Amino acid sequence: MMNPQRNKFVRFNGNDDEFSTKTTRPSVSSVMKTVRRSFEKGSEKIRTFKRPLSVHSNKNKENNKKKKILRVMNPNDSYLQSWNKIFLLLSVVALAFDPLFFYIPYVKPERFCLNLDKKLQTIACVFRTFIDAFYVVHMLFQFHTGFITPSSSGFGRGELNEKHKDIALRYLGSYFLIDLLSILPIPQVVVLAIVPRMRRPASLVAKELLKWVIFCQYVPRIARIYPLFKEVTRTSGLVTETAWAGAALNLFLYMLASHVFGSFWYLISIERKDRCWREACAKIQNCTHAYLYCSPTGEDNRLFLNGSCPLIDPEEITNSTVFNFGIFADALQSGVVESRDFPKKFFYCFWWGLRNLSALGQNLKTSAFEGEIIFAIVICISGLVLFALLIGNMQKYLQSTTVRVEEMRVKRRDAEQWMSHRMLPDDLRKRIRKYEQYKWQETKGVEEEALLSSLPKDLRKDIKRHLCLKLLKKVPWFQAMDDRLLDALCARLKTVLYTEKSYIVREGEPVEDMLFIMRGNLISTTTYGGRTGFFNSVDLVAGDFCGDLLTWALDPLSSQFPISSRTVQALTEVEGFLLSADDLKFVATQYRRLHSKQLRHMFRFYSVQWQTWAACFIQAAWKRHCRRKLSKALREEEGKLHNTLQNDDSGGNKLNLGAAIYASRFASHALRNLRANAAARNSRFPHMLTLLPQKPADPEFPMDET
C-alpha cells in the first residue's frame, strides 16, 4: 500500500529530474499497455460474433458423437446377428473354463496334506476374466438394442422401439440379473483375495468356497444360453451354416458335459479324502486339522493317514469300519489327485466322465454316502438325456446332407412304379431314366424356378441377369442389343435340359418357343413339306438358336403360332435358355429397339430358315447360269457348223468330206452333253424353280429404326 501512494506523490514532483525520468518510462509503458488492451478488447468483441457459431458447431459435434455412441441397434441387423452367434459360442466355451477352478486343490504327496496349485489358479483367473469381458460387452449391447413392441407386431415386422428408457427397463426386468450373476468375478475374488487373507487353512477354504461359487454361477450361465439360442434362431433362422458344423456343436456339448462331470468327480474325490483324514485325526490325540492342510508348522501325516485311510477297492471291503470311497476310489488309486501335471489329470477325469456318461452310470458302484448317490443319479439321468439329444441331433444334421439324394431316390422309385403301371415300352423308360439322371447331374435336385419365384422381383431380376447375361452375349444376335433389352430377355428366360436324341420341335408342328443353345450339339433338318427330292440339314452348336419367332412377334397382326418348317433333334446333351412366344411378343411390343433394321438383318444372317432359302436360291441361280452357259456353247458350235457348211458349198469334194466328219462329231458330242445334263437335272434338281422354298416372311413396319 506504500508504493501506490509514493507513485502518486512522485508524479506531481517535476523538479527531480532523475526520479522523473524513472517515473515517466513506466507511464509510457502503461499507456502502451492500455492501448494494446483496447485493441485486444476490440478484436475480442469482433471475435464474439463468430464465437456462438463455433460453440454451436462444437455442441453439434459432441451431440453427433453421443448419438453415435448411444445409437440404438436393430435386433435384425446383420452385425448384431453375427455378434449373437459369436457370443453364443463363447458362452458355451465359457462353461468349459469354470471347471478349471476345481483342479486347483491337490494332495501334496510329500506330506499327505491338501494344497493349492498357484500356477493353475492364475491361468483359470485369466481365462475367466477374458470371458467375462465379452459378457460385459454383451450387456452393453443389450442396453442399446431396440425391440419390437408387441402391439405393432400384428402385420410385418412391427415397429422398432428406440427409446433408451424403455430398452433399459425391458432389459432390467428380463435377463439383467442373470447376466449380472454370470459375470460377477466371485471365483477370482475367492482365489486371489479371500483365501490368502483367511486365518483358517487356505486349501480348506478354497475347496469349500469354489465348490459352491462355481455351482451357483454355473446355473445362470446355463440358463442364459437357451434364450440366446432362441434369439439367434429367431433372427437368422439357424446357428450353424452347415450340417457338419451343427453335428460338431452337438458333439462338443456332449464332451463339455463329460468335462464338467469329470472335474466334479476330481473335486469330490479330494473332499472324500479330506473327510477320511478328519475322521482319522479326530480319533488321534494331539492331532490338529492344520496338519492336514500343509500348514508351515505342520508335521508329516503319512505315518497315521496311510493306516487310517487305506485305498481299498469297494468290492473288497468287508469291514464297515473301513472308509468306503465308492466311485472316487479310482481317482485316489490312479494318483491324479496328487499330480500337478494338469494335462494328465484333465484327460483322465475327462475320460472318466465320458465313459460313465455314455454308459449311463451303470458301472458306478457307490457307497452309502448320500452325496455320492445323488451324484451318480445325476450322471445317469444326464447321460440318458444328453445321449438321446446327441443321437437325435446328429442324425438330423447328417440326414440333412443327404436329403436331396433321398428325394431323388423316392422320385425314381415313383417313376419306376408309374412306368410299370402304365406299361411303357423299354425305349421310353430308358429315355425317362436318362433325362432324370441328366437333370440331377445339372441341378443336384434343386428346383431353380420354384426357388426364384419365391424371391422379390428386383432380386430375381438381378439373379437372372447374373446367370444369363454372359451366356446370352455369346449368341451373336444378342451382342447388338442394348442392356435394357437384354435385361427384359433375361427376366423371361427359362433354363431347359434335353437328353441325347430328343426332339425339340418337329416339322409341321406349331412353334411355341425359341431355344438359345448354351451347350451341346443339335441337327436341324427339313424336307420342305415332305416333297420328293428335297432335303436340307444344318448343325447347330453353342451360340445358335432355333425356333424363328421374331418375325411372328414383330407382326402386330399375328395371332396363331407359326408352323415349323424344320425338325430339330439333339445329338448330345443340350442345355439352353427357352423364351416362350408370349414373352417374346411382350418384349417386341414393349421395346421398339427390337424393330431396328440392324437386328433384323442380323436375324436373317443367323436364321436357319433364311440360310436354307439363301442356299436354295443360290443353287437355283447357279443352275440357271449353267444352262445358259451350255446353251451359249451350243449356239457357238451351231454357228461354227453353219459356217463350215457354207464353206463346203463353195469348196470341192475334199472339203465336203471334212465338213461331214466335223458335223458328225459335233452332233454326237452335243447329243451326249444334252443327255448327260438332262439325266443330272432330272435326278439331282428336278424342277428346281418350282421346288425353291418360300422366302421367309419379313414384315416391314412403317416406323422402323435405323
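Every residue, even glycine, has its Cβ placed from backbone N, Cα and C.
The annotation nucleoside 3',5'-cyclic phosphate binding site is assigned in Swiss-Prot to 477-600. Val541 (nucleoside 3',5'-cyclic phosphate binding site) is surrounded by 11 other CB atoms, counting those within 10 A of its CB over all protein chains shown.
The domain 'IQ' feature in Swiss-Prot is assigned to 611-640.
If you look up Swiss-Prot, you'll see 591-606 marked as region 'Calmodulin-binding', on the strength of similarity to another entry.
The feature topological domain 'Cytoplasmic' is assigned by Swiss-Prot to 1-85 (among others), with sequence analysis given as support.
Residues belonging to the topological domain 'Extracellular' (107-119) score a mean pLDDT of 79 in the model. Summarising the annotation, Swiss-Prot assigns topological domain 'Extracellular' to 107-119 (among others) and lists sequence analysis as the type of evidence.
Taken from Swiss-Prot, the feature topological domain 'Cytoplasmic' covers 141-174 (among others).
Under the heading topological domain 'Extracellular', Swiss-Prot lists 196-208 (among others), citing sequence analysis as support.
Residues or ranges marked as topological domain 'Cytoplasmic' in Swiss-Prot (evidence: sequence analysis): 230-247 (among others).
Feature annotation from Swiss-Prot assigns topological domain 'Extracellular' to 269-371 (among others).
Taken from Swiss-Prot, the feature topological domain 'Cytoplasmic' covers 393-706 (among others).
The transmembrane segment annotation in Swiss-Prot covers 86-106 (among others) and is backed by sequence analysis.
What Swiss-Prot lists as transmembrane segment is 120-140 (among others), and the listing cites sequence analysis.
Packing against the transmembrane segment (175-195) from elsewhere in the chain are residues 98, 101, 104, 116, 121, 124-125, 128-129, 132, 135-136, 138-139, 142, 202, 205-206, 209-210, 213-214, 216-217, 220-221, 223-224, 227: each is 6 or more residues past its ends and has a CB under 8 Å from a CB in it. Taken from Swiss-Prot, the feature transmembrane segment covers 175-195 (among others), and the record attributes it to sequence analysis.
Listed by sequence, the residues of this chain that lie at least six past the ends of the transmembrane segment (209-229) yet keep a Cβ under 8 A from its Cβ atoms are 84, 87-88, 91-92, 94-95, 98-99, 101-102, 104-105, 175, 178-179, 181-182, 184, 186-187, 190-191, 194-195, 239, 267, 271. What Swiss-Prot lists as transmembrane segment is 209-229 (among others).
Positions annotated as transmembrane segment by Swiss-Prot: 248-268 (among others).
The transmembrane segment annotation in Swiss-Prot covers 372-392 (among others).
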Distant-in-sequence neighbours of the transmembrane segment (248-268), which means Cβ under 8 A and at least six residues beyond its ends: 92, 95-96, 99-100, 102-103, 105, 207, 210-211, 239-240, 327-328, 331, 336-337, 345-346, 349-354, 356-357, 371-372, 375, 379, 382, 386-387, 389-390, 393-394, 397
Coarse DSSP state, helix versus strand versus coil, of Val541 (nucleoside 3',5'-cyclic phosphate binding site): coil
Cβ atoms near Glu573 (nucleoside 3',5'-cyclic phosphate binding site) (within 10 Å, other residues, all chains): 18
Mapped DSSP class for Thr525 (nucleoside 3',5'-cyclic phosphate binding site), helix or strand or coil: strand
Secondary structure tally of the topological domain 'Extracellular' (107-119) (DSSP, helix then strand then coil): 2 helix, 6 strand, 5 coil
Distant-in-sequence Cβ neighbours of Leu493 (nucleoside 3',5'-cyclic phosphate binding site), under 8 Å, six or more positions away: Lys464, Cys468, Leu472, Phe516, Phe577, Leu578, Leu579
